[in-house]
Amino acid sequence: MYVLPRQIQLMALYPLPSAVILNKINISSTSSLHFTCRFFPKPLTPSLFSTTIAAATTSSSTLFQPHSYGPSLYKGHKVHQNTDNFDEENFTRVFDITALRVPSEHCFSLESKLRGHLLNWPRIRNIARVPGDDIDDELKEFIGNNNDTETLIALERRIYGKAEGDGEKMCSVLYRDKLARTFNSTGYVKFQNLAKLSRPKKSKKKREEKEGSGRQRKGLGRNEMALVEVVEEEGSGDEDLSGLLGDDFIRRRKWSGSTRLLLLDERYANKGIEEMPEAIKAVLKEQNEESTRLSFEIVRCKLTLFYNYWQMNEVLEVLLPQGMIVPSAFETIGHIAHLNLRDEHLPYKKLIAKVVLDKNKPKIQTVANKIDAIHNDYRTMQLEVLAGNHSLVTTVVENGLYFDVDLSTVYWNSRLATERQRLLSCFTHDDVVCDVFAGIGPIAISAAKKVKYVYANDLNPSAVEYLERNCVRNKLERKIEIFNMDGRRFIDSIFASEKTRAITQVVMNLPNDAAEFLVNFLKV
């Protein structure tokens, strides 16, 4: 007959870390069975999106107040206005700012000097490039320190094969052959992009349509959040250097080399030099005294912030009605975002799901909402897929182990990861663990890496199937024995079997009902 060990430590977990039942059973061959239980009260389970009354009152009273500083969807100029359906262009905002245009070699040192007067907006760099204003380092030697006419004509001839007064340009094939023979024989200049220089340019618009890039603005990439553009005034740019520096070059009065834009604080927008702070005036005065050329100048710019710039809560503040609490958190299970929306959020659940999906790609690929409480014996959640690829099968990584999960057929709670780790720290290498409600194996498989042996059981056939799969995936199938039985029957059979190893730890992870199974240990 199987002899029970002298002491068994029995643990049953609630879904929250502070709700734990710790029971100690003392068994002897001559005395009756006695056990004591300590019940810790189960704390309240707040909704994921619940906030305090004070916070809700404050947010409702200040949400639609004009923002005094920083970017906001309630500030700036709207580019599009389409209220019929959700359109990302509706979240594009244009802000008028002022920038200090400086040579590129001085921009980082000036950024430190003027840091208190720069824009300093979240996710926006204070230094912006001027499109088409950069040249290769190999070509800087031809420009020199003076923009004289002879130097520019010589540079045009080297790049384009002709300059003003040279007549018609030769065809691309002859020009390339001439460049190759000239530079190969002389050898004093290296043109790494010789073929590219003479190759006819493709139409950028046609190329983008062919590649399906979908770019709608010049210089805007797929993941761009902001765009800085210099506002050109009428009559500016008496010299046309676009042929020399490319079609993207912005016309200016006098080109003085590669430059950068230091974006000044928003309170300096549309202000002249006289209204600038003394620190900026001192920089301009110092530069004018050292150089005869005006390489530092104040320019007006447009800062465009696109939909990708705005965070999830900022977008939802605009979409949801005034005074409604904004959903700000969700549970992440692999690639799935698990929401617990309030009743007031349900009319806007599709909009909320789209914003959650857009702002958390590529990590989140599916957004689901829990539509009903857990009532069945298998503890499966009733989920409604709101956005994404409609797949509830995912992979979760916990404690260095991989767990395949199908939320439509099994139970999983990522918020219990810390509690599971605390429980595992109580086990030793000599323990034999019995997990009565193992699920897909977050405790049983993690314990198998540390203890001697594990007996895992679950009533749900789908959970047992994933438990077996996860054991094989983590290469621990030899240390785990799996059962698909009712919890009471499993307790009776596992302790009655003569082949069972001496169990030292019993884990009962079943919300609300774990204490009811303690009576089965009296029959042992």
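Each position is counted from 1, following the chain as shown.
Placement of Cβ uses the backbone N, Cα and C atoms for every residue, glycine included.
TrEMBL: automatically predicted annotations, no manual curation.
According to TrEMBL, the feature region 'Disordered' maps to 198-218. Feature annotation from TrEMBL assigns domain 'SAM-dependent methyltransferase TRM5/TYW2-type' to 330-524. Sequence annotations record features per position, and here TrEMBL assigns S-adenosyl-L-methionine binding site to ARG420, ASP458, LEU459, ASP486, GLY487, ASN509.
Feature annotations (TrEMBL) mapped to structure.
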| residue | record | CB count, 10 Å |
| --- | --- | --- |
| ARG420 | S-adenosyl-L-methionine binding site | 20 |
| ASP458 | S-adenosyl-L-methionine binding site | 29 |
| LEU459 | S-adenosyl-L-methionine binding site | 20 |
| ASP486 | S-adenosyl-L-methionine binding site | 14 |
| GLY487 | S-adenosyl-L-methionine binding site | 19 |
| ASN509 | S-adenosyl-L-methionine binding site | 24 |
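Farthest C-alpha pair in the S-adenosyl-L-methionine-binding residues ARG420, ASP458, LEU459, ASP486, GLY487, ASN509: 23 Å apart.
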